[in-house]
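One structure below.
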């Protein structure tokens, strides 16, 4: 058998989950057992290596994706630890775009939680193969098989339990490996470093045999080789099983399921084995696709150092005042000190240093190639979503989609000295975070920051003071609205004026129609653009686009509208781009007024998990907030309530929910749609 290539021995994986499922603890154990960390960091002590921002250590949650590299079984594993809090969904989205595989962590007590579903569907969107780890098997209420059942009900991929627990809750001792037909137990004295495989005890044999049969039946449905041997009653070897599980996992037909307790140091090494055995190397994923920046011809790049360079910038961070750009290299190579080409901006930039990251520590590299995830210093122009490539063989990869902010807050510098720092700090934070928006309100002389939720803005404000020494006074959070129209209208805009010594003319007729909620904006030319000079066409579109952004009535962006450009009148010697831009803008504003402009507010999908005894209080509170209950699902002693609630009614909800349920309920929310309140 030929030796494996370096690429085939790389794994780019993410660790993703709902908040508090224990994924940072899983990451810490992985670093410890692979020798990258000499001391186990605990989240509850604020010592987790991967959670290196002060805000993360105080809150015990992960905010920005930390990247680290470790080695296991002669394979190089690049791990991105991602946040589970919905306010930081963008971090998960960015990570999944550049990963090849994911470890999804579930809480054995809570099961499939709302954010677990969100991240799972995000992974599906990018076709990322997954393995599942059911964590916290030592906790009271842990139920492995219930979580597997929930996965089956909620997700399209079929869960394949390749382990079952040896005991549960305070009786959790280890796992039964259904592939090897052995029990795996861990030595507490060595903090789980030492573990052993042994024969299955007699009282667990029947249970193990029955679950292995289920595993074989599931595999037989997706793999002909296994089906043939299974039906013939032939023995199925360990290598047969590993091959079949790998192929089905890579095809996203199955998700291998494992279990353990990261906090109690049980179950992590088999997860590392599964990462190596079942998740893809860069060679296993399809070639990355893009277009030629000039000709728009479709192109692809295979994962090979022999191909021309193609890479995607997926994250920007400030590190001690210097900009670090995280890059996934899909093909080719890059060297420290060489010039790189930004295909979208058509600019060359020098990569002064290449770094391999370990959370917030680093190792300098001379070069990096296909399959690597590295941090680059020296890229001043490059931002998240930009393509880096070979200038002679350019390719533009698909950029990244970002969510629109739903909440805003006014801030003002405490002193004139803070004001100078504030402007620079916000520019740097916006570079890092594409979901953070900043604008200056001329009327109130306040800076308004907008983001994905209260926690998101809290962290931004905290970082302004802590990292940039820019201290601010904070206003109350405000909801970001949108506008649309109720009725179809036919309107005209006319502009005719002498400015200086030149006459300017423009005449535009538009039809505005309301569209379905969430369907966006559509601009359609009905007038014949072939007879119009290109600068007039551009001016009409600019007039409409600018009015869409600045709003027609209340100053909010206009959404869910179809704009048909029916006529563009010409006047020889007087027609001008200024005239058409103003006429189009005037027609659009007039149309919004006549079409009965209405305000839309963000509606959030809220999921509350509460003890059943507080269900009535929680539902009553949601109704009082003008929420609409979608489903109520009993979950043992708990109950899951899903509802749609206007964001403006949710400020301070976490405090109210805590006091109504004695701190025993948890909730998540994420943007659902803009609609009338």
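Placement of Cβ uses the backbone N, Cα and C atoms for every residue, glycine included.
Note that the structure is a prediction, hence the values are computed from the model and not measured.
Copied from Swiss-Prot, the annotated features are:
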- 17-24, 81-85, 135-138: GTP binding site (BINDING)
- 8-283: domain 'tr-type G' (DOMAIN)
Averaged over the domain 'tr-type G' (8-283), the pLDDT of the predicted model comes to 84
Long-range Cβ list for residue 137 (GTP binding site), cut-off under 8 Å, min separation 6+ in sequence, same chain only, gives 108, 144, 165, 168, 169, 172, 259, 260, 261, 266, 267
In all the protein chains shown, the tally of other Cβ atoms within 10 Å of the Cβ of residue 17 (GTP binding site) is 29
Across all protein chains shown, the one of the binding-site residues 20, 23 with the most other Cβ atoms within 10 Å of its Cβ is 23
